[in-house]
Structure formats: structure tokens, C-alpha cells
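Engineer: Here it is: the structure, laid out below.
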């Protein structure tokens, strides 16, 4: 079989205007970036929205479980079945591209293209975020340098700098050296751009005004008297928002099989909420009859956050959740060595399948139909697939769909597509994990108990102090966004 | 009169495809970025090139002499006269935009548009340069972190980092803090992106291969044994070039009067060569019958570098040089106080006009017809204009053109346009200031004597050591790129 | 009553030669430093040693329980009784003197003098340690700068720098800035001199050769390959020892009542072993019939370390332990507010007395006679003293001695002195808390169980890794030196 | 011949009390530090002072010209002749001792002893200076940390830190890292202790009160508004002076031949004034009939500063100046290669002798008798010595004394001693180089013209700005202390 890159480079691209025309995007709303990418203005998005399918997975292994690949394949299968399916996916960081990880555009015959462009500068969203983030940092230091009217303590600035480069050398720095005219000496550091709070904000914003207000409310640090300082105190939210005026518009590309795909925004799910932008998902629901989106890492991280953080702002809850599993990952969960995963091991599989049951049960708590699919790998044996299907039937009472879209494209996920079409017509009764009015500690406990399967939370002294501070800052009615290892339900990646 | 911003925002924009069609740019070669900007592939540029006009000026004052405004106006005047004129201009940095300076898109009724887009992210060229520059920086530190096979001395790295943000706080930093897994502690600093060597390289590159070779040859630092280390030693020129594959393509926009304008690349003329990219100038000459380009700051900086550094790579020398002067600047040169420039002062004007004579004479040495124009300001009196015209006639033997395009658009520069049309048909006999084979010290002396009017160069001990090192590195047959104040012919901005 | 400073300044000083003569110190062995201080060479110290009394206390309050004052008073009382008593005490750091804390030369009418000299530079011991410590630091960096033959990783250097100054500004620094000729950039920090490992080593050394060997074995950091590097690898132990050739000699001064006192060495008991030098204690036992020494903080810290770390090197175990308590501290332990301690509160006293019982029981485990004394404060009521004496009798079966030497000098501790004279004649059967051959974790558990009263130790993952590393470095047969808050038996200062 | 160390270690030391007794130092005023060193209180020093001889030299070579050796030898010769001669010399830094340079206690048979003690901690003067210097630094940072009432700009602090260690790693640092409780981040650096301003002040102070006042007036930095901040603004001069209460007392030791020597203070002559303390010189004149002192480096540096900076505070001008020359150094000055200096070269000697003439003539301007001596080396040939004696006679009209005390002790300098005895009886008429009231620029010009033989001073723009600032701070009536290379009369060490 060809490599991902070969498949991608040999794929036939339709002009982006043709893709846009398929889903009736107005010429006025389409801003092409070259021949095969475009930004889409959302002037005409109303409440007439299509169905929404959320794709999530079990705890991932280091290699990933092919969630994006599965989402793309499912979209293409729906297209094949004559449905108007539109994807909403996350935008990859250029950092990991130049570093160790591959891009995030799917794989095999289920890819979004043009891969190289998407993986490099794309339409400049991350660059605009980098620019806006660092402009704010410069404005803070500039304020201090010029008399520091706000009395900001340079040792208590929370707003670091960012680059869309994997650069360990910049993690911890000292800046402002060089004397009286070169700023104020202080400790600082650079994060990767996707970790910027602006990224999270951009993905949660419902329009440009909302973005501006969110930016105004960013906490940038504390005064010498330990009082909070916000962007609005510097009065620069307007300038920063201007820098993001194009970045806020979702990007339109296509799959190899020409299914339209909005690719926009990319916060991580282990430290942030891990979903593409609300505007992209909204665009997919507006222009498509069925919108497919995915949430980062396993259902304990990305999907929980989609349900509890994203949907209140999205104004729509999923009509179906698809949980992706792989035989390999379950065997790993069942105790097999990573180096031996290519061998059949029914015992490990059965043992590891428990992890899948828990993810499915977690998702069922939200009151939405759950569909399970096995993303088939070449090394999976018939016996393994048969066993897993049987276990799922026995334990969860549902049918298992085996997806082979990696090797076959959309055709390989037709059965799953039919299963999903059926599921989204079922009645659903959405319930979130916690209420906005719950105390912070209650919210945390509910997530831990209902989603992670924990008994209760034991807060360290430091965490208690932080919760008090968060409450004092008036943030206690916000949803909680948990930071946790992606590799297991606990705080221990190996367990 | 309306402000620049008002004029710009009220201007009628034609779709960029219409502008491209006017000058026969193939659809295949046009990559739109939104509706009013595009990148142009130069697959079909051959040696069939139009005339070339270089616009330069006297020593600028802090406010600028309106060189870009004049160039735009001259282009629009030529368009008015039915000529196929195409502009090639520099791209503004976003840094100064957020900082104190205005953009660099002309002024009054002579502007390139859409102003805001050009002044913010535009088509992402500067972001791509920032990304490539910092990726190289990260790769260098990564190399050292992982065993440092090349034996690079962290204290002798010449390759700093860049941001397209005016940020004094980052000028001098210490990076690599945080222990064994966070890189190697060392001193570092951030420049503004336009000051990146990659910017200079991009503007001098004749195609992607040439760019790659130039990147490979970048000197990044020295080993502990003081031997030079190049990008090619790290073998990353391919990856870096890939990051610039779109940035190398010139950007097409339009003037308010719909004259096509390539805006591309923007090194500073006081520290680098100060001209837009060779590819933009080439595109303007290919698609236009008359190409107009400008060189940064006064003729002593930008124009000299255009002649000696750019034209050998461009494969074309100018057919005419336009020297822009303002009454205000000449009066300042003549000793007037900045705060009184609005008052008539014929004596100061006569005294300051000497500065203009020298710039014109410098340019005449290149063997190219020189045209002089006064960029008229509202405060200029008739008596002043009359006197200056007489002085120019007496001292330089040529006619003076008064340009009023700032207030009138292209119509205000019709006379100048006719003068230029006449000049470019005159025979020219280009001679450069020095030969490639001259010793470095000879080259420097020739520039100082012929262009700056100095007697000779006296090199400090440190400069001599540096010249020896440059020679040892094999760089002595390259052109010299002088760094100097822009405000006078000497090294003293006030004199 | 006069202040400590007034008492000290009005005290009559005998020439140090007279004090030395009293205890038969040879003229050759006495090196005067001015008229009232001297260093003493220990050329003639043999195994013919006097009795040894160790003074310790309950958990101290922030103000201290007057342990030094009590020790001095007990010494003076013994002198009063015609005994040849000699003190061995710790040397104060100049840092705290200039900072918030007072000196450490006792108080009231029980002081060692000349107070000012002892509290300032004294005989230069701390300066010599500072010099030797920083010379080693410079030699390490110098080694790296000159080719780094030992392959030391600058990010893994464990040897910081020190100053005998309370200077928060130097806790965390970046050093080696300034380019190729100014060393290697790296993170570093300064501790206070008493925290230097050289201080601990000096206090444990039995002679100059032993000191040299201990210095040779200092672990200074790790190579890039994570192998340990020792001072002996740099071959500089000789030079460093030379810098300490005088500092190793105990200093002789006197009390206000002319009892001889060796004051030498001063490691802290919360982070190090907290006792004066072995050589000072040995000198006190050699020249005196009864030597009195104290151990830092409560018996859980200083006394435990004296028993388990010091006595094996000292070649002598205590003949009696004196536990000092104050009514104030016991009331605080019993739950009273600090601001109300001047009021009588029998209930709090009874509750808090439990702390005293535990300290006495801990000490009794070592098989040595234990004497308890109340260091009387002006606010103590008769009822309180009576109650405490009764409680001690009831719970510990022993008599309580009330000491009033703070206000009365040696005369105020005559009863205690008689009690001590009786105790040291009782048979003792010394047992240490753990055996040298015990596993590290066993040793730690024994200290926690027997001394702190804990159930067992739960090691964090990080601590386990560190224990493995310590074992790998071959340090597992050494005694353990616990770092712990001084304010309670647990790891929580408030509980 | 034995090495310096062997000679020193085999030398017989008299108890310091015997040395003190020889010159009638009161027992009360003598504070012994061990058996062979002492500090001397100057309670009884009056205006009844002996003769004063200043020893200086030609421009030194890298190896030094043996000025200290010569001074010691001359002292011993005078002792031999039955005169009551007392030396006043500088105290060596421990830094250079551990680094590359040898100590500064003379050489051969002309040494002060105990050499090792003097070269290591001696009596703790440098440690006290280090402590006081760094205490001030800590107090400054502490002030800023606690609210910064004085509004000190952390980027404009002039008071660095010091260590008596040669440590390039600490030259440039960043301090105050670690967050809100660890001080204020800023750039800082460590000098060697001898370069501390406190060292210069200690050496110029006439008593403890004068020292305190000088400390109060130290300029420690500037406010954000660029106003000066002094130690007196922090009100800590008392505490700092207390730390120097013993360091201010001169130290008494002896030469191998038992001539008393005060060794005290040691600023460098290239950056500071380069002479031992005023109190040591005063003590030597008080207790001796003839006091001998030396000034650092060549006469252009140390001797000029002794004349213009020291003597006004000393209350006494020299009765004779001895200029030391070596054949080797003159040959080097005459153009010979360093590696060939062992060979005879009369031509180079004659050429180089010009350097000697100029030093002698410079000294003669002060109106004091000048004696010239050749410090004989083993490689000097008779022909060379004869030639040089003749040249000196011809050009300077005086006799030349050849000193062989390095190999013979005091006996080797008897002739010189007789010459000096004759010279100090000659009438002298002291004139300084400039007047206290001269403008700063005039003072500088006078030193350059009269001493360095320059035509005039050309001040850079930066130097002019600094002079204006110095004047504004009210420092223009102070003497000037030039910083200059020690290797020639110019600013170029090679010329």
C-alpha cells in the first residue's frame, strides 16, 4: 500500500470553489487562499442546523487510534450514501510537523487535503494567534517599562510568550536584559502556540464581538498588592481582536473523496478543551445535513469537555456519539507488551476490553445514542475481531461496526455509516455531568466520579488554595477544564 | 481633506482577478488570498522585460519624504496616460504598525489597497519568515542538546531569534533554563523579523533553488575551535525552504486607481539592502511595459544598494532614476528648526538644496538619466517652489517636476510621468560603483568617496579584524552592504 | 533588668591566656586572636576524656527555649561548685546577625563573651569556609571552561556557591554570562555559608587528614552521561584543605563567669546535623572534667543526630542528657494563642506537657540518664511551675529542676547542676536508633517510629528514586540525616 | 639557589611580640593573631613622624620588576646599617594566589613572613571587606524588595557584589530569580574583592569616623528618575563600618631579617589608587625613623596617584623616591623579544633606557630627590650593567645603585641604602601635578601631559557626558584616579 504522503500527493483536488458550491456557500462568503483552501464568512449562519455526530475513542496509545481517519472515512461513507455530510476538524500545529509527530489530517485513503498546506502555514490562523499573543506580551512589558501605572508585579505575570515551534530552549527564559532602555528584567517562557489561551478563546468564541469580550477578560497577572490585572485594564482588546479578524473564520478544504471539511482551531485536550472551533462546527451543521466532529484524546478528556464546555456555547448537543477502538490498544490495555502487539492474544484483548466498556458507559450517561466501531489494522486477526464483537454485544448490548476505511476509503465505513444514520434518528435526552451552579469542588468530584470512575477527589493544600483564589476571582461558575494524562482514566499514564 | 485611512476605506476595490487580467496573468499562476490580494507564480517569466524606473530620494527627515506616495502617483499617472505601468514595492512589517510608525502603503490619493490587510498579516510572508527563522534557531539548539556533534559553541551562535513584534523586552535574553531537559543555557536575543537574514535572502533569491542554496550557506555560528558552522552542516536547508515555498511568490494588489502593484519583501536599507524582492521587480517588468520600484531611505543607502547589490542579480539596470525631494526636508537640511518648517525660508532652502545636488550627482555617476521631482506639501510657498526649480536648473541643468499626486492622485503627477517617459528613452550606460573583484577595503572606499562624498575610510582596529575574518571566510568577493544612519551622508545623523 | 547587650558589654573579660591557663592549655597550642579569643591546636588530645553532658529541648517556639542560655548557666553553676566544666557550643552565622535573628551566645547573665566579636567575624572560620566553598565552585566552572575533560554537565552541578549574608537576591541566579571569555552560562544559586557541605564536613572531621579525605569525596555533580563527579576527580582537595587549616581548630572564649567555652562550627539541625564540631567537644572533654554541649532545635532533630551521627565519630556517648522545657512553649503546644502566653493557663500547660513526655521518652531509648529542667521565665506563675513539676513526677517519675540562671547567672542553676552531677555517675547503656548496616528505608523508618512517634514512612515515587540513586552511589551504609521542620514531631509546623 | 617557598619556610620567625617590642608598640595596642601576626591599634599615632621613602619603578613587564623585593631588601639593608626602618606594603589578594599569579610578599632573601598566612586569609581584612560589600548589596536589594521607598531603578544599580576568588563565571550574572519571594530579577556581576570601592575607601580613611563618612557617601545607583542614591539614604553606614572595625587596623609582620613590616590594604593601581593604607604608612612613619612604602605598577600609575591622591590625606610627602629598573625590562622596551631576554643586547638596552629616563623625569617634577637602582638578575651581563650606569649618568646626571638583595638579602642593598640615606637629607620642595580646584578636564590633561608625555587629551562623546555627570554630582573637586594599562605610558599595552 502507498504511504499517506503518496496517497495525498496523488489525490485529485477539486477547486475549492466547486466544493463550496456543493454546499451552497455564497461567493461573497468564500475567501479563497490559493486554489484549494478558503476561509468562509459566517454572515448567514442561522439556527437551521443539521444533525451532529461526535467521534471519540478509548484511551489512546502513543501512536493514536485513528480517530481523525475514522471521522474522515465516516464522512466519505455518508457522502457515498448520498448524504450531505460536512466535517469539522482541528487544525494541526506546525510545531509537531517539524518535530516528531506527523500531521493531523487523517491517514491512508481517509485524508483531508492539500495535506502539506494544511500541515504548514495553512491560512495563517496559528501565525495570527502567535502575533496577537506576543503583541499582548509586548504591550504588558511596555506598560511596565513606561511607568507601570497599573502597578503590575513583573514576577507575577501569567501571560507568557508563544511560538508555533517545538523549542525546548525557550521554555524558561530571562528577558528584559540589556539595561535601562531594554525593558524590565524578569523570568518568562515560551509555550507552543496551540497552548495559548487565545487559541482556547478563539475556539469558544461565537463571533468577533464575543472574541473581543473574552480577550478583554484575560487575566494577565497580578499587581504588587496581589490584585488581578486584565487585558481590559490595558485597553488593548480592540487591537488584539483586529489581529484575529481573519483567524476567526473557519477554513474550508476537502477530503480525498471531496467531502467538504472545515478545519479550524486546535487546542490540546490534555491541557485545554481539545475541540475544533465552535464556528467550524456550526458551519458544518449549517452547510451540511450531517456534521461530524471529533474531540481530542479519549472520551474521558475530549468528549467530556465537548459535552460540558462546548455544547453550552454551541447551542446544540450531539445526536450520536461514535466511540473508536482498536484491537491493538485494547490488547495493550490488557497488559500486552507494546513490541508484541502484532501477535494474536485473545486473553489480553478480553482483559483490555474493560477500558472500552467504561468509555461507552461514560458516554451513555450523557443520554445520547452511542455507536462503537473497530478501526481495523492489518494485524488484527479474525478471531480477535470476532471475540471483541461478541464481548461488546454481551457487555454493552450493541452491534459492533468494523471500519476499513484506512485501506478502502469511504467504502470501508459504509456499515458504520448506516449504523450512525440509524442512531441519529433515535430519541436523545442530553444531561451534562455537572451544573454551572455547582461549587467548583462538586464539579470536579462529579467529573472524577462519573467519567474517570474515581471514588472521590482528595485536594492537596496547594489545590485548595488555588480553588479559593479562583473563587475569589469570581470564576467559580465557569465549567471546569481538567488537565490530566491522556493515557489512562487515572493520573498515572501507566495505570 | 480626508485622512489616509478614510481615503483608503472609501476606495473602490476591483476583484484581484480583474487586476490580474489587465496584465495578462494566467489564471493558473494567480493564487487569490481573499478577494483583493493574490500571490503570483512566476513560472512564465522570461527575459522579455519592460522598462525599469527607480525612485529614490534625498536624505529623509523623520517623517519620510513620500517616496512611496510619489511612486504610486507616478504609476497612476502613467496608467492615466494609457501606459501599462506596474509597481514593485516593499511589504510593511506588522511590528511598526502596532508600534509608533504608520504603515508603508503610500498616502493621500496615492495608496495601495486594501491598506489594512497589507499592513496586518497580508499573505503571511513575514509569518513564514518568522517561522522558518525560529525553526532554524530551534534546530541549532536541538543539535547542541542532543550531543552537539558539530561542536557548536553556545556562546558563539550568531543566529538569534525573531518576532514580527516591536518588543524591547526580548532584545537580550537568557534561554535554555530549567535543567537537563530544557536545552542549553545561553545568551540570546530577538530581532524584528524584517531584520532576519532570511528576509534579505528571500529578496535576493531568483528562484526556489537559489533560495535553498542561499539558506544552506547561512553562517550560524562557530565551533569551540572558532571554525564556522553553516546551515548546510545541519542539513536542514530543505525543510527551511519548504517553509518559504509560498512566501517567495510576489503578492499582487492594486492602487486606488487600479494600477497593479507587486508588494513583496521588505528589508531595511540602513542595516540591509532595502529593496523589495528581485522576483517582484522582475514580475513588474514582465507583466508591465514600465516597472516602477523604489529603494529605501536616501539615494546614498537604498539606491546605491539597488545599483550595486540588486541589479547584478536582477539582470537589468534602471532606465531612469527619479529623485524625490521636499521643500521641507531641504529647509531642514539648510538649518531650519523642525518646528518652524511651515514658514517660508528661502535662505534655508537654498542652503539645503546642496543636499539634493549631491544625491543627483551620485546617481548620475551610474550613467542613467536622472529626473528630479518636488513632492509638494500644503505649506510650500510659490516663491519656494520657484526658487528651488531655478536652483535645480542652474546647478543641475535640468527641469524640475512638481508632483501633487498626494492631493490629486495620478492626475497630479502627469508632468512628471511625461518627463519620465522621455527619460527612459534616452541612451544609458550603466557603471557600478565598484567591481566584484575589488578588495573589500577598496569597495568600501569607493562607496564612501563616490556616494557619501568622503575623503577616505579610516578603519578601526576592530573593523580591520572583522575584514580579515570576512576574507578568511571567503566572503571578500561579495558586494558590500553598508550600515549607516539614514539621516545624512555621514555617520552622524545630525550632520 | 539590663539588656543582653548591656550585660555583655559590662562584663569583665579575663585575658584569654588566663582562661587557657586554668585548664592547662599549653602556650604552644594557644593561638590568640586579639586579647580575648584564641584558637587551640589539638596536638595533645588523647583518649583521657571527661564526662559528657548533652543539652537538648522540647520542640522550640519561634523565640527559642533558651537552650544555649541554660547550657552556659549549667556550666557556670558547675564552676561555682568547684568543678572543672568546659563548654562546647556552636558558632553563630554573621548572616542572621545582620538579618532578623539575634546572635547565639546565650542571654541574660548566662552569656559567652566577647559577644560582638563572636557574632561578627570571630576568628574567621565562616569566612574560610566561604572562601574554600567558592574556590571549589570557581574551579569546577574553570574546568568546564577549559575543555571540560571530565565531561561535567553544567546543568547537573550540585555544588552551588555560598555567602555568609542573608541574601534572598542570590538564591537563584544565572551565571557565566558575557560571552566566550566569561565562562559557561548556567543556572546557579547561593546558600548561606552554614548550609555548606564543608561546614558539616568540618564539624565531623577528626583531624586535618580526615577533613581532606572528606573533601575529596564530595559529590560535585554529574557528567552528561549521568555519572557522578567528585572533588577528587578535580584533584583539588589539597588546596581546599589548606584554606581550612586554621578553621579546623576550635576557638576558645569564656562565659561572663569565666567558664572556658569552645565555640566552633555551626551547621543547622533542620537541614544538617546541628551540632558543634567534634573537635570542640573533644577539646572540652580533654581539658575539662565535665564537658557540656548542646544539639540544635528539639531532641527529635539535634539530639537524635548527635546520638546517631556524631557519637560514632566522637568516640564517646553522653553520660547524661538534659532536656530543657519552658512553660510558655508547653502552653503553646497545648493550644494557647501566642499573644496570650503571658497569662496563666493550667489546662493548656497540662495538655502541652505531653510534648515534653515524648521528648524525654525518646531520649531514654538511648539508654542514658535524662534530667529535665524548666528554664524559668518572668511570666511563669508558681501554680504553673508546681503543676508541671507534679506532672513530670507523675508521668516520668523524676524530679524537675527549675533554672533561673538567666536572671541570676550560675547561682540560678545550682540545683540543676547537682542533679546533673548525680546523673552522670549513674550507669548508662547506650543504644543507637539504627544500625549502620540497616537498609536506608529501615533506618528512616526506625527514626520515624522511635523518635517522631510515627506509624511508618510512606515514600513518594520521587523519594524512592532518590533512595535508589543514593544506594547506587554507595551511600547506603551511612547514617541518615533527616531534614524536617523544627516546630513539631511531624512534617507540619503547626501540628 | 632555593625557591622562594623554601627560603620562606626555612626562615626563623621571631614572636610578633618581640618585633613589636623593637619599635615600642604598646602591649595594649598589639592584638596578636596567632604567634607571628598582629593587628596594631593606632590610638597613639601623633604627628611626630619619621622620614618617608617611596619605591616605584619603570613600566613593568608581565613578570614584575621586583619592586616589593627591592623595598624589603632596602628595609633590611637599613636595619643592617642600624637604622630603625619600618615597611608599609600592600596586602595580597587570595584570589590571585589560587589563580595564576604568585603572592606579593617579595622574593628570594627579601621576603615578608609568614608567607603562607599572609597569602591566605591573613588577619581576615579581605574577608571583612567581602562581607561588608555583599551586606550592602543585600541591603540594597532588600530595600527594593520591600517596597522600594527610595525608588531605586534595579537596572541602574552601580554597586555590584564581590568575592576574593578569581571567578570568571560570576563576572556577569542575573540575580533575583525564583519568583515573588526571591528578590527582584536584575543583571548583576561580581568583582574581585580588591576592586571593591570599600577597599579604596579603607586605604584612604584616616580613622573609623572618616571611614564611616566615606561609606555614607558611596553612590550605589540611581532612581528611576536618574537621581543618585547614596549609602546614607539607606542609613546603613554604621552597620557596615562595624563590620570593618578590625579590618581598618594595620597588620604587623616581619621580614626574614626581622625588619618590622605593616602590610595593609591592596587596591590595584591600574583601576584604583594602588597603594597600601594610609594608616599603615602612618604607622610605619610613627614607629620607624625611616618608613618605606611602594606604589603599584610603574611611576605613571602608582607613584602619580601616591603623590596626588594619597599624600594630601597622609599629611606627609616623600623625602625620596626610588625608581627600580631591570635590564630585562629595558631591553624589552628596546624592542627585544621576550624569549631572548637572557641574551646580551646593548643596543636594545640603550634604546629601552629611554623609558627609564622618562619615569625619572616624571618623578623629578614633584620636587623630590630621585634615586635609581638596578634590580640585578642572574642573566644581566657586566657590560649591560656598565652601559646602563653610564647612560643614567649621562642622561640623568646621577649615580646608579645595583641591588643584589634577591640573592644576598639586606647586605645586597647596602649601597642603595646609603644612597637613600643621603637623598632623604636633601632639601625637597613638593609640587603636585594639578590643583584640587582645577576643572576635571584640566586635571586629566595635566596628568597626561606631565606624566604620560602626551600632547593633550581628546575626550570621546561618551567621556564628555560622563564628565558632565560627575560634575553634576559634585565630584569635580576630587583628585582624578586614572585607569590605564600598566604596560606603557600610552593606552596601548604594546606601545
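Using the three backbone atoms N, Cα and C, a Cβ is placed for every residue, glycine included.
The ATP binding site feature in TrEMBL is assigned to D:61, D:62, D:63, D:64, D:65, D:66, D:67, D:68.
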Engineer: Which one of these binding-site residues, D:61, D:68, has the sparsest Cβ neighbourhood, judged by other Cβ atoms within 10 angstroms?
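Structural biologist: If we count Cβ atoms within 10 Å for the binding-site residues D:61, D:68, the smallest count is at D:61.
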Engineer: Return the residue, from the listed binding-site residues D:64, D:65, with the maximum count of other C-beta atoms within 10 angstroms of its C-beta.
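Structural biologist: Per the Cβ count, the most surrounded site is D:65.
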Engineer: Tell me the Cβ neighbour count for residue D:66 (ATP binding site), meaning other Cβ atoms within 10 Å of its Cβ, over all protein chains shown.
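Structural biologist: Step by step: centre on the Cβ of residue D:66 (ATP binding site), count other Cβ atoms within 10 Å, giving 25.
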Engineer: Counting across all protein chains present, how many other Cβ atoms fall within 10 Å of the Cβ of residue D:62 (ATP binding site)?
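Structural biologist: The answer is 10.
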Engineer: For residue D:67 (ATP binding site), which residues of its chain lie six or more apart in sequence with Cβ-Cβ distance below 8 Å?
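Structural biologist: For residue D:67 (ATP binding site), the qualifying residues are D:55, D:56, D:57, D:60, D:294, D:324.
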Engineer: Mind pulling out which binding-site residues among D:61, D:62, D:66, D:67 sit under 8 Å from chain B, Cβ to Cβ?
Structural biologist: none
Engineer: Based on DSSP, name the secondary structure state of residue D:64 (ATP binding site): helix, strand or coil.
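Structural biologist: Going by the DSSP assignment, residue D:64 (ATP binding site) belongs to neither helix nor strand, so it counts as coil.
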